[in-house]
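Chemist: Sharing the feature lines straight out of TrEMBL:
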TRANSMEM  20-37  transmembrane segment
DOMAIN    32-401  domain 'Cation/H+ exchanger transmembrane'
TRANSMEM  46-64  transmembrane segment
TRANSMEM  76-94  transmembrane segment
TRANSMEM  101-123  transmembrane segment
TRANSMEM  135-157  transmembrane segment
TRANSMEM  169-193  transmembrane segment
TRANSMEM  199-223  transmembrane segment
TRANSMEM  235-251  transmembrane segment
TRANSMEM  288-308  transmembrane segment
TRANSMEM  314-337  transmembrane segment
TRANSMEM  377-397  transmembrane segment
REGION    414-433  region 'Disordered'
COMPBIAS  423-433  compositional bias 'Basic and acidic residues'
Amino acid sequence: MRMALCKDDKKRGKIMEYNYLISLAIILLSTKVLGLATKRVKLPQVVGALLAGLLLGPAFFGVITSTDFLSEVSEIGVIVLMFVAGLETDIVELKKTGKASFVIALLGVLIPLGGGYFLASIFNEGDASLGTSIFLQNMFIGIIMTATSVSITVETLKELGKLSTKAGNAILGAALIDDILGIVALTIITSAASSSVNIGIVLLKIVAFFIVGSAASAAFHFGFKKWVASADTDLRRFVVISFAFCLLMSYCAEEFFGVADITGAFIAGVAISGNLRIHYITSRFETLSYMLLSPVFFASIGLKVELPKMTEKIIIFAVLLVIVALLTKVIGCGLGAKVCGFTNEESIQIGTGMISRGEVALIVANKGIATGLMSSALFGPVVIMVIVTTIVTPILLKLVFKDKAVEVSSEPSDLLKSYSESSKIDEMEQKGL
């Protein structure tokens, strides 16, 4: 009898042990199917992946629940996403973007930050179980609002033939700086949340990380660049070494400096960018991300949304969050553009182009859940805000970029050339070339 029970226990254990394979298969299939469906209606595939997570999770059918395995794969996914963002950051071009892009990005961060904090301070009563102050929790909502995902804007402007306009180039430059400012803000608040010491020590550790990280990255960049230039075979080794450096920087950031691991991943990407094989390296990571890591990450975001927790008050907060998200980017970035000499029409175009929050806001929100800076009750409104801003951005862009004469750059900017090169690689990957 005892032996029979042991056999049953072992059988149940094996079923439990391999359940993650079924969950993974369902997630990959559903995210790709819904991703293709959303792509057909001119929306990013990330929207389909989010919807897949919502449908599969407790919000609707409850087919899959969030597990430790999915959480860990999701964490690797977000590290790779930020690493790729770093790989695509061109420091040389960042220096060339000029005052206009910096001012647009700065106001496009400060005004949404203030708007998000103000709205959260009205609705959020604080969650003592998170172990963080209500000030930090409210400020974190503001930081989520600062995010900008320019990919949907770029695709829409390409379709309209407006990407090489003065406004289009300004959007590209401002979005690049916006990412840097957002990383700095996220680093400060996550460090403050995870540390029991005063803010002075927190800032000191952050500064120390950026000094040490920059020195290590510069040394790695120099050695890696020379190695890449001298080697012309077996390019796969570059990808392996790059990923190892990314993971090492992520670990050191979190373990020794109390800085978010994704900050370390981003800096690692910046360190590797600018070498002769950067497009090859980036394309390999984008393939890995497309096949496995990104679908799991975005689906896991949807799995965390629990609609029963969305009370009437939370629903009102979600609606207002969407409105504030739309207005603060248009006002902030539009005001920055106006200050820098753009026309009223161009200023509105630039502000509209910076509305979409996309995957950047989801990465930040996910880090907030992990560090106790955001309650699960507020997670749903953030996901709704991301979906709505992603959907309405192309619609609004088509309205503000009317078919009239616009100033077009005689030569496409280097930022635009870089984006076009990346798009060609994506197309080649999809065709299996």
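Note that Cβ sites are derived from N, Cα and C of the backbone, with glycine treated the same way.
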Chemist: How about long-range neighbours of the transmembrane segment (76-94): same chain, 6 or more residues beyond its ends, C-beta under 8 Å?
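Modeler: For the transmembrane segment (76-94), the list is 176-177, 179-180, 243, 246-247, 250, 261-263, 265-274, 278, 281-282, 285-286, 288-289, 292-294, 296-297, 359, 363, 366-367, 413-415, 418, 422.
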Chemist: Give residue numbers and ranges for long-range contacts of the transmembrane segment (46-64): same chain, 6 or more residues beyond its ends, CB-CB under 8 A.
Modeler: 23, 26-27, 30-31, 33-39, 70, 294-295, 298-307, 358-359, 362, 380, 383, 386-387, 390-391
Chemist: Taking residues 6+ outside the transmembrane segment (101-123), which of them lie with a CB under 8 Å of any CB in it?
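Modeler: Long-range Cβ neighbours of the transmembrane segment (101-123): 137-139, 141-146, 148, 170, 173-178, 181-182, 185, 313-314, 316-317, 320-321, 324-325, 327-329, 331-333, 335-337, 339-340, 350-351, 354, 378.
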Chemist: Considering pairs 6 or more residues apart, do the transmembrane segment (135-157) and the transmembrane segment (288-308) have at least three CB pairs under 8 Å?
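Modeler: Between the transmembrane segment (135-157) and the transmembrane segment (288-308), contact is absent.
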Chemist: So which residues does the transmembrane segment (235-251) touch in its own chain, when a touch means Cβ under 8 Å and the partner is 6 or more beyond its ends?
Modeler: 79-80, 83, 213, 216-217, 220, 224, 228, 261-262, 264-265, 267-269, 271-272, 277, 280-281, 284-285
